[in-house]
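Novice: First the structure, which I've put down as structure tokens, then a few questions once you've had a look.
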2 protein chains.
Amino acid sequence: MTVHNSKALAPFLETVKKLKAYGEALGVLYWDLRTGAPRKGMDMRSEVIGSLSGDMFKLSTSPELGEWLSELEQPETFSGLSEIERKLVTDTREEYDRSVKIPPKLYEEHVVICSQAESKWEEAKAANDYEGFQPYLEKVIDYTQQFIDLWGPKETRYDTLLDQYEPGMTVKELDKVFGGLREQLVPLAAAIAASKHQPDTSFLRQNYDKQAQKAFSLRILKQMGYDFEAGRLDESTHPFATGLNTGDVRITTRYLEDDVTSALFGTIHEGGHALYEQNIMAELDGTTLSTGTSMGIHESQSRFWENVIGRSKPFWQHNFAALQQQFPGQLDVTLDQFYRGNNIVQPSLIRIEADELTYNLHIIIRYEIEKMIFNEGAKAADLPAIWNDKYKEYLGIEPPTNAEGVLQDVHWSGGAFGYFPSYSLGNMYAAQFADTLERELPNFWELVSAGDLLPIKEWLSERIYKYGKLRTPSELIQNVTGKPLDPQYLVKYLEKKYSEIYKL
Amino acid sequence: MTVHNSKALAPFLETVKKLKAYGEALGVLYWDLRTGAPRKGMDMRSEVIGSLSGDMFKLSTSPELGEWLSELEQPETFSGLSEIERKLVTDTREEYDRSVKIPPKLYEEHVVICSQAESKWEEAKAANDYEGFQPYLEKVIDYTQQFIDLWGPKETRYDTLLDQYEPGMTVKELDKVFGGLREQLVPLAAAIAASKHQPDTSFLRQNYDKQAQKAFSLRILKQMGYDFEAGRLDESTHPFATGLNTGDVRITTRYLEDDVTSALFGTIHEGGHALYEQNIMAELDGTTLSTGTSMGIHESQSRFWENVIGRSKPFWQHNFAALQQQFPGQLDVTLDQFYRGNNIVQPSLIRIEADELTYNLHIIIRYEIEKMIFNEGAKAADLPAIWNDKYKEYLGIEPPTNAEGVLQDVHWSGGAFGYFPSYSLGNMYAAQFADTLERELPNFWELVSAGDLLPIKEWLSERIYKYGKLRTPSELIQNVTGKPLDPQYLVKYLEKKYSEIYKL
């Protein structure tokens, strides 16, 4: 094979590096804003972020970049590139085409509209005023529709939106997996609700010292193999993880004084995201491939660590005594009571407070509604009624107000249609990965109950984390588990876990 | 007057805004690096900083900017600009000419050389190995000489370097003021050394609780009028202040457990820098004029607050009891003993540990040596001997090693020739401003002894801070005090203070 040393390669790689550098700089600016930047500097900071984002956008849509891409895409040239270079070319091309198709003026209008809609949403949620919010939501939907037209609809219009967050994911596939999931989770949730063996959770609600909570969170992060020389733990109102580069992956948490598990499971969740970003192969350093491959795969890791590991009995067999010591006299319950208390399942109105099982129904409802908007012409005016009907059908409860219903999430006001499915994809991926992991590491649960989580982190690093964006989500799930995404793994996992807890 | 609405104005102002935005982004990246960024992310972070700095340099030297400047400099156009716009044009022009005269390749070589020299300097200082460092220093000097040639020498070659840090400052003026200062401070220091009334400082050295030190530092910052909604206090190895924008001016300090005053005076010092940056007029927001006008004026504010206020007896009349309460049983001395202990004067070898008086002699020595290098052809090989002779002549002591002599400061390895004078200029400006302030606020010392520092901050804001870079250092000192810079104010201040303390 002849290696075609195109002149476009060096400036192309230089541009990729620069885009990554902008990304890291913006990442630090956002992290700083959310972890204690002084209030009075925020307006100017927004302008700085706007300025840098604008430069980054300009660079990512420059005609030169388009020319280099075209040159590198010539079959003879392309085949002479390394695997990483090829993936950089295809990924950058996708992003490039997506970006250049939106006229800058339209994009800027969209940013303004979303910013106004987000502000209005906050007010409307507080005042339970859907009618006040509706015209803003209509505008955001209208711009999104224009974007779909400009990008070009895929198999369905909503497919175009899904692809932004989960490359390659389609309505066809999601209908299948979410359909299967819904059919089995709705009766399971009903059986759980009818069980006489409901866990007690009252002991979780006491005044738990914040410093002790922090100490315990640090203990668990260390156990997971989070590298504190390549990260740090801070506080913020909304917990998050941010991968600046593989040597600097930060997490934040929020300590609630009246809830011992909120910060703990939040920290494990963000720690899962962080392990992913800390363990990407060095060959991808400084490129746009050095990050998680999709929202869904990222969420699979946060949820694997939070739910599959963190809410398991073996995990607490190792850690419960230490938690009791951390809060002397406050956790006077048995391991079994503690385990059951942390795994209560209850239909509820609010997604972000939902348990591991019913959470998926919240997502399926949002998925179905988004599909109705973009594929079936559902109108903003109809959404509250659609929302409430679905909650009644799938969860057996109906929101008494729109604030507790259709107004609860920020996503739509920001134009993030197509994002919600990632959360449940994460749960499904996690269960399917866990199934393979249990077979390939036969002493998996012994390791967990011994607090020896590092072999698990190593397995995940070797099979998933190290590839960053080099593999697509569907390649990853196929390569790691030998099968395409299948919701039955999640269903089986949930059935097994909750049959035991609720003695079904 | 006709206002000439040049088409160049809008893109010029847009560029200025963008340069300021880059400056803020880089400021956050540096702050982050120095306040706890994880070790393993630092290499990549350096590349991000390099990338952004490169973009900023490109923007500040773009041919378009040159054209807009030329257009705006047309007399008819220029006279139609506002005062702020005119100053932006002249300042940007100066920076532009300075930058475009250096070929990018030479500049990059210089960056590499300085980086190598700084690493070598660290080693050489630790190993007391001046000979090992000398070839690196020679290279740095050589590049600086080339820069002077490219920039074009001013009245003398060293003037070109001075002007970078203190616009308008000349060898002619510095020879006069430093000459006057040296002639009077050398005998004053000698008289103090001969005094029988030496202060006791032993009580300062105990184990002082860090949290209590921090609480007291916060108390003093609040007293000074530092706005905590427009800033924050963190820790770092080398204390610094950084003005990101007027609403976000951060300071750091370092707490030494065995020294109660190090963090305290360090915090007041950085707090003085911060008050300057927090109180620049809103009209300059988002422009490159929204920062201190020079290193010397900036240093005058940190030193005014640290020395004139913070080391004065009235200040401690108000604050000493609170300090004693903060450290129960540890400060069992009288106010007078405490005041004297904090104002000890002693010839010493190390600049950064020097007292308020002899500090100036350390600076004058460096100034004279830098002048010898660039105006009289002194060679790197000769510097240790020159250094040691001057220390003997001005301070009466001779460094036993080069590590404690010519190798002690990092500045020269980084190519920062011309920077040192700023420190003493700061002291002189501070004393001259203080003289006017005392006359214009006749109850000045009563305010200090009542802990009522806000009127002092207001006066400084109104007369100095608010102008940012809109006034040059010489305009400021002339406008505020009615006179050009005169070292006699500092001499008088020091004579008065130390005559009393040492009963001369």
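A Cβ is built for glycine as well, from the same backbone N, Cα and C atoms used for every other residue.
Because TrEMBL annotations are produced automatically, they should be read as predictions rather than curated entries.
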Novice: Please identify which of A:E235, A:E257, A:E299 is recorded by TrEMBL as part of the Zn(2+) site containing A:H269, A:H273.
Specialist: A:E299
Novice: Around the Zn(2+) site recorded as A:H269, A:H273, A:E299, what other same-chain residues have a C-beta within 8 angstroms of the site's C-beta center?
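Specialist: Not counting the recorded site residues, we get A:A241, A:E270, A:G272, A:H298, A:Q301, A:S302, A:R303, A:W305, A:E306, A:G426.
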Novice: Which three-state DSSP class does A:E299 (Zn(2+) binding site) fall into?
Specialist: helix
Novice: In terms of DSSP three-state secondary structure, what is the assignment for A:H273 (Zn(2+) binding site)?
Specialist: helix
Novice: Could you state the whole-number distance in Å separating the C-alpha atoms of A:E270 (active site, proton donor/acceptor) and A:E299 (Zn(2+) binding site)?
Specialist: 10
